[in-house]
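One structure is given here, and the rest of the page talks about it.
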Amino acid sequence: MNNIMQQSLISTSFFLLAITFYTTASLAQLSPIQPPTTTSSPPLPSITASPPLQATTATAPSPGLNTVPLVPTTPTGAPSPLIPKGPTIDIISILQKAKRFSVLIRLLKTTQLINQLNSQLVSSSGSGGLTIFAPEDSDFSKLKAGFLNSLSDRQKVELLQFHTLASFISISNFDTLTNPVQTQAGDDARLQLNVTTYGGNQVSMATGAVNASVTGTVYTDSKLAIYQVDKVLLPLDLVLPAKAPALAPAPGKGLPKAGKTNSSVVDDGSSAGSDDSDGKVLPAEASKAGAVVMWVNFVVFGMVLVGGVVL
């Protein structure tokens with residue numbers, strides 16, 4: 001009995017093993033096992049170390065003088081986009097961008113001097129150019145009340161020209177100027193401007209009427225320099241009394257005739273009073289009358305003398 005059971009178990013085990021083997025082989029044929037596929041990711045970009053940033057040190061501006069232009073220019077010297085592009089540099093546009101020179105702009109327009117200055121910029125070449133000293137609106141308000149209105153058109157032009165040099169002067173070349181510096185107003189003794197520099201970074205000016213200083217740069221390129229000053233540069237010609245006109249020459253040359261001289265002297269004397277005094281010169285007519293009277297008296301006396309002798 002036991003042997004029969006053992007044989008049955010063995011037969012059953014072989015049967016189950018055969019079924020398992022057959023099932024495994026069938027599954028292997030239907031879906032063979034594929035090796036796992038791996039997708040290669042793109043290589044990461046190489047990271048290069050950037051050079052270390054170098055520290056920059058800001059240069060402190062010189063005391064008393066702001067060297068940073070109020071209206072900047074590009075490195076090539078052309079006007080920046082703040083200024084309308086055009087064939088020439090417009091001085092009015094530059095001053096308007098600075099927003100503190102409305103009185104100066106009005107004077108340049110009303111006198112029409114701006115047309116001459118712009119033309120000079122176009123025609124200047126080489127060492128030419130312009131240098132303009134620009135007082136702020138607050139500087140004009142410090143003038144005597146009604147001063148600008150009291151000036152004639154010629155005097156207003158002279159005042160503006162006194163603020164202009166007919167050449168380009170950089171801020172570092174003021175020490176090369178020779179005093180008195182000639183402005184576009186002329187070289188008269190009453191229109192002299194003296195410039196003094198201190199240490200290359202401070203510029204002062206004297207007109208004989210006021211002392212002023214350059215306080216900053218408004219605009220500068222290779223042909224035009226506009227510097228801000230702290231006072232209106234008044235020339236002596238606008239402060240001192242007007243020159244006396246020259247006396248007209250006498251109509252005749254040489255000494256006047258005696259008769260006319262005596263007559264004028266007597267006229268002056270008669271205006272002071274009618275009383276005669278010693279030392280007065282009688283007019284020619286009176287002298288002639290006196291001579292006639294003396295001659296008549298002499299003739300009468302002679303006739304009387306002759307008549308007495310005859311009798």
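Here the Cβ of each residue, glycine as well, is placed from N, Cα and C on the backbone.
Annotation source TrEMBL lists compositional bias 'Low complexity' at 33-52, 251-274. Look at TrEMBL and you will find 33-64, 251-280 tagged as region 'Disordered'. The domain 'FAS1' annotation in TrEMBL covers 88-233. Positions annotated as transmembrane segment by TrEMBL: 292-310.
Counting residue by residue with DSSP, the domain 'FAS1' (88-233) contains 52 helix, 38 strand, 56 coil.
Averaged across the domain 'FAS1' (88-233), pLDDT in this predicted model comes to 93.
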